[in-house]
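Contents: one structure, followed by commentary.
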Amino acid sequence: MLYYLFQYLEKFDFPGAGMFGYVSFRSLMAIILSLLISAIFGEYFINLLKRKQITETQRDASIDPFNVKKVGVPTMGGIIIIVAILIPCLLLGKLHNIYMILMLITTIWLGTLGFLDDYIKVFRKDKEGLHGKFKIIGQVGLGLIVGLTLYLSPSVVIRENVEIQRGGEIVEVVHKEQDQKSTKTTIPFFKNNNLDYADFVGFLGNNAQAVGWIIFVLVTIFVVTAVSNGANLNDGMDGMAAGNSAIIGLTLGILAYVSSHIEYAGYLNIMYIPGSEELVIFICSFIGALIGFLWYNAFPAQVFMGDTGSLTIGGIIAVFAIIIHKELLIPILCGIFLVENLSVILQVRYFKSGKKKGHLQRVFKRAPIHDHFRTTLAQLDPNCSYLFMKPNSVFHESKITVRFWIVTIVLAAITIITLKIR
């Protein structure tokens, strides 16, 4: 809104109005504003949650070997993150930009889904919350909306990157002059760092492109569902999900920024995406909101984000990556989320297979994987066999959290480095 106001005032030579035309200025304003909102509003909101007794106990206090008591800690803190994202975007963003619209829809959509889950847990005293099938329906619905919008909107275009070679060596990367709709996505080790979903069905001839879009929509649905659930599982320790997501958000912000500048996109050999510069405003709001939230969520947590926050930040990461055509980099960038997902899947399937044979068996001491590292041998079921018992010693959750952050930083660096590998 302020963007449009100052754009109008610029006609009258209003001092400073021209600054709002620069993405860099609006991005810095967004990250500062979102941080202040989450830090200042957060304190008042946490006190409100306490007065209303909207609190949560430790999900499983028996797994905390350090006897850290987490009784009566407010939940639904994800509302702080959502508000701190939306306000700067509404004030500083171009609200007619299709990418900004999609990100705002994603934030509100999954924020509502997570809120319903937390509401059922807190007010209806149902620990299971919203039934799993309704969560999946909500995630699939969002993925379908995002995928179809990117397919149907005439504003969603790219300029493909092309390598110029001489004597077998790449001497320059240029971009085609024409904007085009495309099912291509960025992935390392492929020609021009691009993979076209339509290539999977090239045998269909003229129909390959249309079927390629169907594949793209299905991939979108899968990525949104997987990453939002991964972030949800990762939210099991103080500061874990917020810290990891801020690091991932920073990496996506860098990729969005270079994708919106044709020269920088050429340097990294990735496609140029006109209009994607507005995503930098959004991701700066996202990062600022998470950092401000960490002020209260770092160990020992004064507030939990709940599913209101974790489902939302996971969905934001997924949709953002899809919009900038970097969804196939998610297994690297969001490696922590992937491992959390896989650890739960392996644990459940291995347990069920053992149950059919009449004995108890598990892969890890506990799942998701972060709980494995803080579970003592004394806490294990003596009647159950475990594939992985190491480490014998346990770590404090703050140490586990910081180490997971470090792993995410390394994965973020690898994600960017892989784009320069020829």
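Cβ from N, Cα, C; glycine included.
The following features are taken from Swiss-Prot:
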{"type": "TRANSMEM", "residues": "28-48", "note": "transmembrane segment"}
{"type": "TRANSMEM", "residues": "71-91", "note": "transmembrane segment"}
{"type": "TRANSMEM", "residues": "95-115", "note": "transmembrane segment"}
{"type": "TRANSMEM", "residues": "136-156", "note": "transmembrane segment"}
{"type": "TRANSMEM", "residues": "208-228", "note": "transmembrane segment"}
{"type": "TRANSMEM", "residues": "239-259", "note": "transmembrane segment"}
{"type": "TRANSMEM", "residues": "279-299", "note": "transmembrane segment"}
{"type": "TRANSMEM", "residues": "313-333", "note": "transmembrane segment"}
{"type": "TRANSMEM", "residues": "399-419", "note": "transmembrane segment"}
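For the transmembrane segment (136-156), same-chain residues at least 6 beyond its ends with a Cβ under 8 Å from one of its own Cβ atoms are 97-99, 102, 105-106, 109-110, 113, 181, 213, 216-225, 228-229, 275, 311, 315, 319, 322-323. Under the criterion of 3 or more C-beta pairs below 8 Å, with sequence separation of 6 or more, the transmembrane segment (399-419) and the transmembrane segment (239-259) qualify as touching. When Cβ-Cβ distances below 8 Å are used as the criterion, the transmembrane segment (95-115) is approached by residues 1, 4, 76, 78-79, 82, 85-86, 89, 130, 135, 138-139, 141-142, 145-146, 149-150, 153, 155-156, 228, 275-276, 278-279, 281-282, 306-312, 314-316, 319-320, 323 of the same chain, each at least six residues removed from its ends. Among residues of the same chain six or more beyond the transmembrane segment (71-91), those with a C-beta under 8 A of the stretch's C-beta atoms are 1-3, 29-30, 33-35, 37-38, 41-42, 45-46, 49-50, 54-58, 100, 103-104, 107-108, 111, 114-115, 118, 121-122, 242, 281-282, 284-286, 288-290, 292-293, 296-297, 301-313, 316.
The stretch from 239-259, 279-299, 313-333 that makes the most Cβ contacts under 8 Å with the transmembrane segment (28-48) is 279-299. Residues of the same chain lying 6 or more positions beyond the ends of the transmembrane segment (279-299) and with a Cβ under 8 Å from any Cβ of it are 23, 26-28, 30-39, 42-43, 46, 77, 80-82, 84-86, 88-89, 92-93, 99-100, 103-104, 237-239, 242-243, 245-246, 249-250, 252-253, 256-257, 260, 305, 309, 313, 316, 320, 323-324, 397-398, 401.
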